Amino acid sequence: MSQFTLNLIFIGLSFAVYIGIAIWARAGTTAEFYAANRGVSPVMNGMATAADWMSAASFISMAGLIAFTGYDNSTYLMGWTGGYVLLAMLLAPYLRKFGKFTVPEFIGDRFYSGTARIIGVICLLIISITYVIGQMTGVGVTFSRYLEVSNSTGLWIGAALVFCYAVLGGMKGITYTQVAQYVVLIIAYTIPAVFIALQLTGHALPQTGLFGTLNGTDAKFLTTLDQVVTDLGFKSYTGHHGSTLNMVLFTLALMIGTAGLPHVIIRFFTVPKVSDARKSAGWALVFIALLYTVAPAVGSMSRFNLTSTMWPGAETGQTFSQPAVSLDSIQNDDDKQWMRNWQVTGLLNWEDKNGDGLIQYYNEAGAEQEPLAAAVAEQNLQGNELTTVNNDIMVLANPEIANLPGWVIAIVAAGGLAAALSTAAGLLLAISGAVSHDLVKGALNPNISEKGELFAARVSMAVSILVATILGLNPPGFAAQTVALAFGLAASSIFPVLMMGIFSKRINKQGAIAGMLAGILSTLVYIFLYKGWFFIAGTNSLNDVPAEWLFGISPASFGVIGALINFAVAYVVSNATEEPPLEVQELVESIRVPRGAGQARAH
Amino acid sequence: MSDRQSSNAYWQANLKIIYICIAIWALVSYGFAIILRPLLSGIKIGGTDLGFWFAQQGSILVFIALIFFYAWRMNKLDRDHGVDE
């Protein structure tokens with residue numbers, strides 16, 4: 001059976017399951033559409049949250065980010081998991097007790113202000129739309145790589161599928177498809193990882209294999225990896241090379257950004273009780289950790305496999321004991337077929353610069369160090385000859401590099417699609433809820449009937465899918481910068497305002513609005529100063545290099561400073577103006593205790 | 001008024017649990033995995049040191065334990081103060 005047929009079967013089967021669930025889970029009321037009637041068990045919700053949260057970036061890109069940087073990029077591992085501790089203790093239970101449907105609705109009620117609610121909607125829309133573009137691009141790329149259709153055909157197929165279960169089923173349909181998508185993506189991620197950990201270290205668990213002994217040697221795997229990469233002039237894998245301040249701030253920005261992402265927060269509105277919201281955050285993190293503790297093993301082991309493919313001597317830690325891989329081998333050998341496959345996509349490339357028939361892979365910036373300097377002189381190297389290695393191929397090419405059977409490759413394809421589609425659906429639900437519930441019902445037409453609102457929710461979902469698809473077809477130049485933007489905004493606007501709304505009775509309308517605006521604007525300006533105004537290339541006022549950053553703070557980490565500005569401004573302005581009305585103070589009292597949450601179902 | 005007082009005591013107890021959990025949360029991630037890593041570099045684990053393990057495995061496991069501990073402790077607190085569901 002050809003690889004193409006296998007891919008078609010696995011992707012087709014997974015899609016049939018999603019559509020079956022969509023038909024079974026049709027939504028008939030707004031409570032079902034926005035919050036799955038608050039009937040989702042905490043474990044199920046944890047699994048759905050994990051699929052919702054783990055996007056194409058987690059599935060495809062994260063291991064590659066760790067592979068080529070090593071320890072310094074542990075920020076992603078801690079940052080994208082630590083936020084759930086904050087969610088479980090600082091936000092989720094109280095927002096569930098509040099018992100409404102959207103994040104801006106809480107901001108509007110707690111700060112008794114339509115203006116605050118609209119600012120909340122705008123933040124939510126910017127965050128979710130920038131985030132969804134990346135998912136749609138990921139869907140297009142995966143389809144075109146594995147089903148041999150054009151990028152745009154792939155995107156439209158994905159959009160049609162999301163349309164089926166998101167528009168029909170709302171939160172209810174999305175929740176149960178996300179559970180199925182989680183199962184697909186975790187199997188797809190784990191199987192190749194287990195095979196590779198067994199090959200390299202003899203451990204079936206990648207988490208312990210990472211710290212195990214390299215097969216065929218007496219040395220630890222990580223020690224050998226450090227040795228091999230430093231031999232080739234790269235920075236050591238386990239060492240700390242960047243700025244400690246930025247590592248701390250970036251991790252914190254990712255953590256509070258995660259806790260402030262609206263599409264994650266609304267998942268906790270679907271469980272029956274306040275205690276379930278706490279527990280559910282724990283389950284979500286368990287399911288996320290199944291991938292996140294495997295990712296560093298995948299990253300380091302695929303880096304090792306890539307390096308020992310290029311320098312066969314590296315397999316035992318003796319990097320220069322054998323000549324580099326030959327051009328002839330890359331072009332003809334069966335076990336190098338994956339290199340030819342990925343060269344077609346442009347994500348991998350090589351060039352025999354010194355014409356010796358060998359492809360020498362090394363870091364030019366470290367060429368003065370021994371033993372690389374000796375090798376450069378002896379072999380007359382004219383520069384690194386593995387000219388392109390894209391981060392993203394580390395996960396996608398993993399099964400091929402390790403010579404795993406065709407069905408594993410097909411599962412990885414289905415898993416990549418599941419990761420992108422489940423996140424896209426969650427984001428689209430957050431967007432349509434903000435439009436139909438906060439804008440249409442909250443501001444434009446408060447007397448709209450339940451049926452009318454449900455229809456408005458479906459229409460806004462359909463329009464969001466269309467907009468996301470069109471943006472995915474023509475991704476704006478700033479697509480790569482959107483992670484910094486989405487997390488920066490979530491950290492500097494939504495997280496602080498929600499937290500103050502729960503933990504302080506004194507923060508009032510004026511304080512919240514001033515705080516949110518100060519947080520968002522300072523963060524946007526700082527990002528634009530270094531990344532270009534509205535991300536238009538060349539319009540940046542300052543160079544995006546550490547030497548020019550204010551106090552050495554990178555634009556991606558600035559969300560933390562934005563959040564501090566938000567807290568400070570809200571505190572000062574609130575204390576200079578009158579206390580919130582008594583009924584708002586009682587609202588705060590009531591969301592702080594769990595009793596009575598069940599009644600919220602009647603809404 | 002007794003209701004308000006008991007809910008105040010409940011809230012103070014909740015805040016105390018949160019402070020403890022946040023302190024541990026920060027200690028394992030910002031502490032052991034980043035800032036204190038050089039101090040812990042003497043403790044070797046599988047070809048590297050304890051700080052590396054906390055950065056790539058340990059802190060995530062501690063996060064999970066913290067959330068379940070918080071959920072369990074709060075269920076008990078809810079019952080003790082009569083505010084459970």
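Placement of Cβ uses the backbone N, Cα and C atoms for every residue, glycine included.
Feature annotations, reproduced from TrEMBL:
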TRANSMEM  A:6-25  transmembrane segment
TRANSMEM  A:46-71  transmembrane segment
TRANSMEM  A:77-95  transmembrane segment
TRANSMEM  A:116-133  transmembrane segment
TRANSMEM  A:153-170  transmembrane segment
TRANSMEM  A:182-201  transmembrane segment
TRANSMEM  A:247-269  transmembrane segment
TRANSMEM  A:281-301  transmembrane segment
TRANSMEM  A:407-435  transmembrane segment
TRANSMEM  A:479-499  transmembrane segment
TRANSMEM  A:511-529  transmembrane segment
TRANSMEM  A:549-573  transmembrane segment
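Non-local neighbours of the transmembrane segment (A:511-529) in the same chain are 107, 110-111, 113, 115-116, 119-120, 123, 481, 484-485, 488-489, 491-493, 496-497, 500-501, 535, 540-542, 550, 555, 558-559, 561-563, 565-575, 577; each lies 6+ residues outside the stretch with a CB under 8 Å from one of its CB atoms. Note on the transmembrane segment (A:281-301): residues 42-43, 45-47, 49-50, 53-54, 58-59, 62-67, 70, 74, 77, 80-81, 84-85, 87-88, 92, 182, 185-186, 189-190, 192-193, 196-197, 200, 206-207, 209-210, 221-222, 225, 237, 267-268, 394-395, 398 of its chain, located 6 or more positions outside it, place their CB under 8 angstroms from a CB of the stretch.
Distant neighbours of the transmembrane segment (A:116-133): 55, 103-105, 107-108, 261-263, 423-424, 427-428, 430-431, 434-435, 438-439, 442-443, 464, 467-468, 471-472, 475-476, 479, 482, 485-486, 489-490, 493-494, 497, 509, 512-513, 516-517, 520; these residues of the same chain sit at least 6 beyond its ends, with a Cβ under 8 Å from one of its Cβ atoms. Fewer than three CB pairs closer than 8 A are found between the transmembrane segment (A:77-95) and the transmembrane segment (A:407-435), and contact between the two stretches is not assigned (pairs 6 or more residues apart).
Against the transmembrane segment (A:247-269), the recorded stretches A:6-25, A:46-71, A:182-201 differ in Cβ pairs under 8 Å, and the greatest number is found for A:46-71. Under 8 Å from some Cβ of the transmembrane segment (A:182-201) lie the Cβ atoms of residues 14, 47-48, 50-51, 54, 59, 209-210, 212-215, 221, 287, 290-291, 294, 297-298, 301-302, 304-305, 395, 398-399, 402, 404, 408, 411-416, 418-419, 422, all in the same chain and six or more residues away from its ends.
Remote same-chain partners of the transmembrane segment (A:46-71), defined as residues 6 or more beyond its termini with a Cβ less than 8 Å from a stretch Cβ, comprise 40, 77, 80, 131, 134-135, 137-139, 142, 174-176, 178-179, 181-183, 185, 189, 235-240, 258, 263-264, 267-268, 280-288, 291-292, 295-296, 298-300, 302-303, 389-396, 415-416, 418-420, 422-423, 425-426, 483.
Cβ atoms under 8 Å from those of the transmembrane segment (A:153-170) belong to residues 15, 18-19, 21-23, 25-27, 32-34, 36, 136, 139-144, 147, 176-177, 417, 420-421, 424-425, 428-429, 457-458, 461-462, 465-466, 468-469, 472-473 of the same chain, restricted to positions at least 6 beyond its ends.
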